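Residues or ranges marked as domain 'MTTase N-terminal' in Swiss-Prot (evidence: sequence analysis): 9-124. Feature annotation from Swiss-Prot assigns [4Fe-4S] cluster 1 binding site to C18, C54, C83; the stated evidence is sequence analysis. Here Swiss-Prot flags 141-382 as domain 'Radical SAM core', drawing on sequence analysis. The [4Fe-4S] cluster 2 binding site annotation in Swiss-Prot covers C155, C159, C162 and is backed by sequence analysis. According to Swiss-Prot, the domain 'TRAM' annotation covers 385-454.
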Amino acid sequence: MTNAPPATPKIGFVSLGCPKALVDSEQILTQLRAEGYDTAKSYDGADLVIVNTCGFIDAAVQESLDAIGEALHENGRVIVTGCLGAKKDANGDDIIQKVHPKVLAVTGPHALGEVMDAVHLHMPKPHAPFLDLLPPQGIKLTPKHFAYLKISEGCNHRCSFCIIPSMRGDLVSRPIADVMMEAENLFKAGVKELLVISQDTSAYGVDIKFRMGFWNGKPVKTHMTQLVEALGELAAPYGAWVRLHYVYPYPHVDAIIPMMAEGKILPYLDVPLQHAHPDVLKRMKRPASGEKNIERIQAWRAMCPDLTIRSTFIAGFPGETEAEFEYLLDFLKEAEIDRLGCFAYSPVEGATANDLPNAVPEEVREERRGRVMLLQEEISKKRLQAKVGKTMRVLIDEVNRTGAATARSGADAPEIDGVVYVKAPYEPHIKYKVGEFVDVKITGADAHDLWAEA
């Protein structure tokens, strides 16, 4: 009688945080699968659990600590990675080890090697790597029709409200050939929307002095504009979208707008402006000013009238006066940002902004955030209403039992923007499919979403 082969080790996985952290999770899962580990769908079925954490704001820290605690309670064998793993408390002690001393190991973000070393220590490899079992694009946690493409790690900025550089380090750009190869594999796998992400997409290549690389036998500089142009050319035969996130308004961004106007990439810019008043921006240690940003936005829209601009702002930053806040409101009225997120300032442990004088009371911070969002609702409603009657291409995300679909236009990034609700086809033989493009006519709008029919 032959002995049954040993059971394949199973790893549970919890992924928290931003799209950059999601990409880290995808890389870890890809490596686990390459080495023969299986993934478990529940704590009970896992031999150990990996928790990828977020540590940017206090709420994220608490969510991560709660997730670690749950994994320890339900499973007991937990490896922790991610931004919270690199974070210390006021005394310089490891936050995770202090709260959860029973975790098996703790690493910082973007630490594939360290995570795998910890896995090997507590759950040895089941067999030699089976790389041929993996799809070329690796394992993805997003739906099959869209994916995140991380082009760099870390950030060279030292914004006073942010601790990301202390957790993820300075900017490190990926070789452009590696980025292009991953993009090609994703398109070949059926991805219809590629979301380019980093901490600072505009700074791509700065750390390596825009070194010349090669793709398909041609020289391509490690620079944002050349990368975007190459991605647009690569996406064209697949009819796929390329969407840019975390774009700082450096001068060379102007060169990308004509590519958007020509349809090479989506006319969509995610630009984290944070504020408009020059004194507040100075305290934040942020570049540019409201006046300069207004000029840039107006110039961009002149070049590409269909441009959608998304941004985030902070209300109630330390020292923000009522006059400075009113300045921000005036800026928003003039800029008419299409998609906007606003956060009431929240102190982050380790951020230099904590030492700034004249903290704004919490109730005032929340009240100002509310005023920003109320104004933005009016702006968004006006801009979306202007789309009624127009025809646009949308990407189907979901189809319900009635045949109606939830989709997104080029103006809508997944999870953070609005959606387009598409009426079921009139012809019963026509069925929408997730991941396909459909041309629709916009029939209605509110402050967030659109309604349409094919």
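Each residue, glycine too, has its Cβ placed from N, Cα and C.
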Original post:
For C155 ([4Fe-4S] cluster 2 binding site) and C83 ([4Fe-4S] cluster 1 binding site), what Cα-Cα distance in Å is obtained after rounding to a whole number?
Top reply: 14
Subject >> Secondary structure of C159 ([4Fe-4S] cluster 2 binding site) (DSSP, helix/strand/coil) >> reply: coil
Original post:
For C162 ([4Fe-4S] cluster 2 binding site), which residues of its chain lie six or more apart in sequence with Cβ-Cβ distance below 8 Å?
Top reply: F56, V348, A351
Original post:
Taking the Cβ of C18 ([4Fe-4S] cluster 1 binding site) as the centre, how many other Cβ atoms fall within a 10 Å radius?
Top reply: 18
**OP:** Could you name the residues, excluding C155, C159, C162, of the same chain that surround the [4Fe-4S] cluster 2 site, i.e. Cβ within 8 Å of the Cβ centre of those residues, in sequence order?
**Re:** H157, R158, F161, I163, I164, P165, Q199
Subject >> Secondary structure tally of the domain 'MTTase N-terminal' (9-124) (DSSP, helix then strand then coil) >> reply: 53 helix, 23 strand, 40 coil
Original post:
If you count Cβ atoms within 10 Å of the Cβ of C159 ([4Fe-4S] cluster 2 binding site), leaving out that atom itself, what do you get?
Top reply: 19
**OP:** Would you find the one among the binding-site residues C54, C83, C155 whose Cβ has the most company, meaning other Cβ atoms within 10 Å?
**Re:** C83
Original post:
Can you tell me how far the Cα of C159 ([4Fe-4S] cluster 2 binding site) sits from the Cα of C83 ([4Fe-4S] cluster 1 binding site), in Å?
Top reply: 17
